[in-house]
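Enquirer: Here's a structure for you.
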Amino acid sequence: MSGKDVNVFEMAQSQVKNACDKLGMEPAVYELLKEPMRVIEVSIPVKMDDGSIKTFKGFRSQHNDAVGPTKGGIRFHQNVSRDEVKALSIWMTFKCSVTGIPYGGGKGGIIVDPSTLSQGELERLSRGYIDGIYKLIGEKVDVPAPDVNTNGQIMSWMVDEYNKLTGQSSIGVITGKPVEFGGSLGRTAATGFGVAVTAREAAAKLGIDMKKAKIAVQGIGNVGSYTVLNCEKLGGTVVAMAEWCKSEGSYAIYNENGLDGQAMLDYMKEHGNLLNFPGAKRISLEEFWASDVDIVIPAALENSITKEVAESIKAKLVCEAANGPTTPEADEVFAERGIVLTPDILTNAGGVTVSYFEWVQNLYGYYWSEEEVEQKEEIAMVKAFESIWKIKEEYNVTMREAAYMHSIKKVAEAMKLRGWY
């Protein structure tokens with residue numbers, strides 16, 4: 001089965017069902033968790049620079065608020081779909097639960113290729129999206145954040161639009177803002193930092209010396225780039241890098257002696273791709289996945305690792321920096337082959353953890369140093385990893401199953417206390 005054949009919403013549901021079954025949960029728990037409590041669909045009219053009106057479709061899925069307000073990013077991508085945001089909101093519920101932050105899961109998106117829009121069109125689209133959903137979000141209701149192809153500037157426009165519409169001064173309604181506008185120090189690097197911490201902890205359990213580890217990373221966006229830089233700080237060597245560009249589609253580069261993270265970022269900024277990155281040779285995507293490395297880190301979009309890809313991977317450890325990069329069939333292959341996979345809801349939870357820190361700082365008007373933020377994030381990530389590893393060993397299950405079991409237990413207890421079942 002190819003990655004494109006997998007329905008991510010059905011995949012998320014099957015992961016939840018599997019964990020509920022392993023825990024022996026009452027049927028009511030799965031019934032309450034298998035669908036989002038609310039999915040908003042909006043049509044966004046945007047006045048284009050040429051004077052014409054174009055409408056864009058947007059979504060916001062709010063999965064479960066038993067523990068607290070729903071939380072999750074907004075992505076701008078041509079492949080956004082209703083099922084995708086529903087799946088991502090489910091994963092967010094359990095990602096928040098994994099690290100113990102008091103949120104449920106939310107996710108949003110607009111079907112658009114933002115590279116085709118001018119700055120003015122992008123701003124009008126961003127504000128138009130908030131016009132469509134503002135009555136159903138808020139600091140204590142649903143707190144969006146950046147995701148694929150969105151950033152601090154877009155979040156700032158959205159906060160401004162929300163405040164204009166509500167007559168409030170409510171900067172905590174959205175996180176991932178620039179530091180100058182209520183953002184948290186350390187937020188930009190948070191997800192990648194958390195990925196590196198998770199990789200370090202898992203590597204230690206498997207007897208992999210991080211200072212000698214060879215690493216392959218797919219994707220050099222925000223998450224991938226900070227993953228590379230932080231893995232380098234821990235002594236790891238990134239030898240293979242996969243990316244995507246319009247002219248070539250998916251491609252990969254390799255250097256057995258290592259690819260310098262900062263040099264790659266500088267080159268990307270100047271050239272828009274890594275096709276001719278100095279000192280690296282071009283390899284196929286198949287060669288990338290099968291490269292002789294200790295750790296593979298997918299940091300791109302969903303369903304990148306199919307059954308065929310999983311069968312070719314030589315690494316002992318796979319760390320899911322992206323959301324849903326591994327198909328269920330690939331999961332089975334990893335389990336059969338004894339390859340340890342740290343799941344997305346754990347591996348990339350550093351981002352939402354520091355988003356929570358930003359929200360807390362906004363609510364209290366008291367801000368922490370970057371060192372404090374990083375230290376708090378590391379403590380949360382290590383604690384979550386240890387809890388999940390313990391369940392993995394105790395129940396003899398995969399890390400993904402353990403992560404869902406760990407988080408579903410907590411959400412189910414909150415639902416029971418509320419009298420939902």
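Quick reminder: no glycine exception, Cβ is built from N, Cα and C everywhere.
Keep in mind that what you see is a predicted model, and the values were worked out from it rather than measured.
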Enquirer: Quick check on the annotation: Swiss-Prot has K95, S355 binding substrate, so which of K71, K86, K107, K376 does it put in that site too?
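Expert: Among K71, K86, K107, K376, only K71 appears alongside K95, S355 as substrate-binding in Swiss-Prot.
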Enquirer: How many Å separate the Cα atoms of N222 (NAD(+) binding site) and D147 (site 'Important for catalysis')?
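Expert: If we compare the Cα positions of N222 (NAD(+) binding site) and D147 (site 'Important for catalysis'), the gap is 9 Å.
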Enquirer: Three-state secondary structure of K107 (active site, proton donor) from DSSP?
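Expert: The three-state answer is strand.
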Enquirer: Out of the recorded positions listed (K71, K95, D147, T191, S355), which are within 10 Å of K107 (active site, proton donor), Cα to Cα?
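Expert: The recorded positions passing the 10 Å Cα test are K71, D147.
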Enquirer: Who sits close to K95 (substrate binding site): which same-chain residues at least 6 apart have their Cβ under 8 Å from its Cβ?
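Expert: When sequence neighbours closer than 6 are ignored, K95 (substrate binding site) has G105, D344, I345, L346, N348, A349, V352, S407 within Cβ distance under 8 Å.
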Enquirer: Between K71 (substrate binding site) and T191 (NAD(+) binding site), find the distance joining the two CA atoms and give it rounded to the nearest Å.
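Expert: Here the two Cα atoms are 15 Å apart.
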